[in-house]
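The transmembrane segment annotation in TrEMBL covers 81-99, 182-206, 233-251, 257-278, 411-433, 439-464. Residues annotated as domain 'CAAX prenyl protease 1 N-terminal' in TrEMBL: 103-287. What TrEMBL lists as domain 'Peptidase M48' is 290-525. Look at TrEMBL and you will find 356-375 tagged as region 'Disordered'. Annotation comment: TrEMBL describes Glu390 as active site. The active site, proton donor annotation in TrEMBL covers Asp473.
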Amino acid sequence: MGLAVRSHRAARLRPFPGSALGFPFIPPAAFAAQPGSSRVAPPLRQGALQRWRRKEEARARRGAMALPGELWAELPAEKRIFSSVLLFSWAVYLWEAFLAHRQRRVYRTTTHVPWELGQIMDSETFEKSRLYQLDKSTFSFWSGLYSELEGTMILICGGIPFLWNLSGQISGRAGFGPEYEIVQSLVFLLLATLFSALTGLPWSLYNTFVIEEKHGFNQQTLGFFFKDAIKKFIVTQCILLPVTSLLLYIIKIGGDYFFIYAWLFTLVVSLVLVTIYADYIAPLFDKFIPLPEGELKQQIEVMAKSIDFPLTKVYVVEGSKRSSHSNAYFYGFFKNKRIVLFDTLLEDYSALNKEPAEGEEGENEETKSKTKNKKQGCKNEEVLAVLGHELGHWKLGHTIKNIIISQMNSFLCFFLFAVLIGRKELFAAFGFYETQPTLIGLMIIFQFIFSPYNEILSFCLTVLSRRFEFQADAFAKELGKAKDLYSALIKLNKDNLGFPVSDWIFSMWHYSHPPLLERLQALKDAKQE
């Protein structure tokens, strides 16, 4: 390609032999005196010649500048698609790296508690959160760079068609020929997820046992970590493979309107998974126990009843055996709502706030909590305020709105997939010249072709999420929980070592929750009242 480019460029700059100025060669005789006359060309003609030469020089320069565009247009469609995917991927990575650099600069330079945070955070906690977030940001930079390089090398070296062919060989040895595309697709999916798990394992180990351990959040042993990782992989395959096989089958037999059936299938699957997750999937990894009878449970039931929230059960999950980060959420549909509280959120229930009983130390070494860094947790009134915020999402319809947006997006993507799946150049761009497997088409279109749309949608949803968070805070304020929510947000920020200062562009692009100071300011007036 290099030689072709150079020769083409030379042809554009020297259209005729003998011309070294970038414009067509004009014989001097054209401007000489007429036969039988010794008179030279008049000044007017000489001026016109100079203007003409300047125009031709400008035209030649414009042609040279337009050359890359013309070369791009001359490339085959599959080459343009492949190059566009790579260029956009790196553009997104560089944009993310630029934002992360701005935020790391904030972490490095903001070494003292700003005056507006003086009554919220002490200097020791501020420094701990600064160093924790700086370590996380540095780790994210290197892991992100590796991920981008890995993805680029897979595309350039033909990793996707190689893995597909390998899957065909494996399924062929098991007695399934090329006509069993769904079987080959499942083998491909299994190998791809296994590759992803293995290449991501060193990064996960470093994040858990170096960064999280260093800053007092990791509560896992190495044995617990590997057992958990294996269990997650198996559970994921048990869900992913059957769902994928049914989806591919629906696409195969669905006819011209397969995208409607595929969308309806994914809708049902997502609703089922949301319904069964906390009851059947999450307990495989963490222990869920009913919240004991007492003042807190009674107050939660009273608050739920006051806003017509159909609460049926309240659980406490022992998240402290895995991490000291805290959380709370609700789940369920219609009249069957449940609330889940992490024990690290509850000051009276967290294992991190309790000393081990005599004779218990050394027992169950694999899963015991490391209590060297105790977390404060929240008092009952603050827990109620946090739940008031969470229930505000339900009362204000945020959950339903998110589901509607998600399903509208899913339907649009399946419709566009139906439009694009017949384009052979999309498959050829990624090395599939002879076959067009449905699973590969899903991967190409959803992951690569839709990537610009996905970036825009993700940013819009981030903006919407921040708006919802402010509304949920305002709902908790209407319940009379402004003061308790104010103190709970401060405690949770301290317990999780959240850094309260952020670069405005980084915050705008990444934060699904408003920065702490903005939330506190919105609650401040009501708190003072």
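Just so it is clear, glycine is given a Cβ too, placed from its N, Cα and C backbone atoms.
Highlighted: of the candidate stretches 182-206, 233-251, 439-464, 439-464 has the greatest count of Cβ pairs under 8 Å to the transmembrane segment (81-99). For the transmembrane segment (411-433), same-chain residues at least 6 beyond its ends with a Cβ under 8 Å from one of its own Cβ atoms are 76-79, 81-82, 85, 155, 158, 160-161, 164, 258-260, 262-263, 266, 440-442, 444-446, 448-450.
Rounded to a whole number, the C-alpha distance linking Glu390 (active site) with Asp473 (active site, proton donor) is 9 angstrom. Cβ-based neighbour count (10 Å, all protein chains) for Asp473 (active site, proton donor) stands at 26. Its Cβ taken as reference, Glu390 (active site) is surrounded by 17 other Cβ atoms within 10 Å in the chains shown.
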